[in-house]
Amino acid sequence: MLHLASRSPRRAELLTRLGLQFGILDLAIPEQQDATESAADYVRRVAREKAGAGLLQVVAVPDAVVLGADTEVVLDGVVFGKPADAVEAAAMLRRLSGRSHQVITAVSLLSAAREAQAVVVSEVTVEALSDVDIARYLDTGEWQGKAGGYAIQGCFEAHVLRLDGSYSGVMGLPLQQTAQVLRQFGLLP
Ligand SMILES: Cc1cn([C@H]2C[C@H](O)[C@@H](COP(=O)(O)OP(=O)(O)OP(=O)(O)O)O2)c(=O)[nH]c1=O
């Protein structure tokens, strides 16, 4: 039985597209980058920790498999997580303006017997944003709970010049790579 260890409605929606039945586990994992950790190592660790915390909740379930994922925006090696408020979101958007950044998503699949992980790095180029663009975007509220202070699947796509990588990965669950790890566990044909 597959379980999604995530509070993100987008991850549940994306996983549904793979045509699988799954349960949802509600958990909150502290997300704090260690001083010595690279951005990619951080994303991989948090995804693994989410899956691990989820597995603890379902150890009694026979053949339980848990999927955890983490997404971060990275500019010049600096990780932009979820902004705490609109001021922080505005600061992130000002820094992303007119630049290319990476969006890293790691997906971890974990059972009592085995573990697999996929990591996807996408490159997103944002057009130059004016103060008015940023203020209007903040008014949508879509920045809340999104790494880097934007959601490509909403109004913000109007400011995206180029995406090189996985659109679903930027949204939080890269479908092609997720399907591959699910296949490794025999959960997809
Ligand atoms: C960049 C970007 C991020 N995001 C989202 C994906 C993730 O849900 C979120 C990053 O936070 P995460 O910590 O990866 O996930 P979460 O807190 O939403 O959910 P959970 O930990 O319970 O699984 O940002 C978008 O929806 N669109 C985007 O364009």
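Note that Cβ sites are derived from N, Cα and C of the backbone, with glycine treated the same way.
Annotation source TrEMBL lists site 'Important for substrate specificity' at R10, T71, Q153. Residues or ranges marked as active site, proton acceptor by TrEMBL: D70.
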Pairwise CA distance, R10 (site 'Important for substrate specificity') versus Q153 (site 'Important for substrate specificity'), rounded so that it is a whole Å: 10
Other C-beta atoms that fall within 10 angstroms of the C-beta of T71 (site 'Important for substrate specificity'): 28
Tertiary neighbours of D70 (active site, proton acceptor) (same chain, Cβ under 8 Å, six or more apart): E31, V43, R44, V46, A47, K50, T105, A106
Cα distance (Å, whole number) from Q153 (site 'Important for substrate specificity') to T71 (site 'Important for substrate specificity'): 14
Where R10 (site 'Important for substrate specificity') falls in three-state DSSP terms: helix
Around the Cβ of Q153 (site 'Important for substrate specificity'), the count of other Cβ atoms that are within 10 Å: 16
